[in-house]
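Per Swiss-Prot, the feature disulfide bond maps to 75-90, 82-95, 89-110; the stated evidence is similarity to another entry. Look at Swiss-Prot and you will find 1-20 tagged as signal peptide.
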């Protein structure tokens, strides 16, 4: 019986002082959440600023590339069909009718020019 009274009194004291600290805990929770949201907001703003800077750099690079037309035209390598319907042969190769391919596929091929 004495132990039950002791436990009940502890329960009442814990409840009373727990409620007293609950207001303080709520204030602390509000401060923590406000700080977290503020930090998240600042981090988000920094990330957005970084994204905008990267987009500006990318836009400038693509404008320069489009303006100067820096992409090389593709060319055909050795033993690749060439002619009016195909792209041109790479440097060092010429578009010729060859015995090995031309008679079978009926189109000229890019080959190394013959020395002679």
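Yeah, the Cβs are placed from backbone N, Cα and C, and that goes for glycine too.
Could you place the listed features in the three-dimensional structure?
Sequence-distant neighbours of residue 75 (disulfide bond): residues of the same chain at least 6 apart with a C-beta under 8 Å from its C-beta are 87, 88, 89, 90, 91. Residue 75 (disulfide bond) carries neither a helix nor a strand DSSP state and counts as coil.
Classification of residue 82 (disulfide bond) by DSSP places it in coil, neither helical nor stranded.
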Taking the Cα atoms as reference points, how far is residue 95 (disulfide bond) from residue 110 (disulfide bond) in Å?
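Cα-Cα distance, residue 95 (disulfide bond) to residue 110 (disulfide bond): 5 Å.
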